[in-house]
Amino acid sequence: MKKYIVGITGASGSIYGIRAAEELLKQNNEVYLTITDNGKKVMSYETGYEVGDIIEKLKNIGKINLCNNNDLFEPIASGSFKVEGMVVAPCSMSAAGRMANGISLNLLDRAADVCIKEKRKLILVPREAPLSNIHLENMLKLSKSGAVILPASPGFYIKPQSVDDMINFIVSRILDSLNIENNLCKKWGA
Ligand SMILES: Cc1cc2nc3c(=O)[nH]c(=O)nc-3n(C[C@H](O)[C@H](O)[C@H](O)COP(=O)(O)O)c2cc1C
């Protein structure tokens, strides 16, 4: 059983992180979930789900560990705690800025910092429009440090029939980036 971290920040699109955690669990991985304070607020506003609802749902799928994002004593704060990789979906521009500058104000920031220093997979799913030079420079810096920048911008060539199809497009790309086989969306040429 491999371990993955899923982080959810206060950018729009917590559903991407929730669905990514679901798919990781379905494939028998262990998930450490950490959600920023703003992430909880925006998630509740957008989806109507509170953290407890999410955990109830995920507990029925597999091994989910809810971390306290304000507790830097959690296992994922240390490089000696081995994980396969981390997904931050959605990733706020604020979180990207903190990560790009090595500033760990909470557990999510610190876990991402650990992935960068340990050269582990770090998939960031930013959502902002338009992007300022500051946002772009921060993301370039993160990309140069090994992070994968995977914007929450679904392709329309799959001819999505529902919002779910569009979400699955992004979740599929997240799993692809982690080298995890999936059939969440039809692959081009398949
Ligand atoms: C409804 C709502 C939607 C937001 N959407 C975004 C967004 O898409 N991208 C972004 O970077 N920030 C967005 N923000 C702002 C972030 O929540 C804000 O920058 C916050 O400080 C991020 O904190 P965090 O990185 O600790 O989660 C949104 C805020 C609200 C209230």
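Glycine residues also receive a Cβ, built from the backbone N, Cα and C atoms like all the rest.
Marked as FMN binding site by TrEMBL: Gly10, Ala11, Ser12, Thr36, Arg127. When secondary structure is read from DSSP and collapsed to three states, Ser12 (FMN binding site) falls in the coil class.
Summarising the annotation, TrEMBL assigns dimethylallyl phosphate binding site to Tyr157, Arg173. There are 9 other Cβ atoms within 10 Å of the Cβ belonging to Tyr157 (dimethylallyl phosphate binding site).
What TrEMBL lists as domain 'Flavoprotein' is 2-178. Within the model, the domain 'Flavoprotein' (2-178) shows a mean pLDDT value of 97, rounded to a whole number.
When the binding-site residues Ala11, Ser12, Arg127, Arg173 are checked against ligand 1, Ala11, Ser12, Arg127 have a Cβ within less than 6 Å of one of its atoms.
Cβ packing within 10 Å was compared across the binding-site residues Ser12, Thr36, and the lowest neighbour count falls to Ser12. The FMN site is set by Gly10, Ala11, Ser12, Thr36, Arg127; from the centre of their CB atoms, other residues of the chain with a CB within 8 Å are Ile8, Thr9, Gly13, Ser14, Asn38, Gly39, Val42, Pro90, Cys91, Ser92, Ala95.
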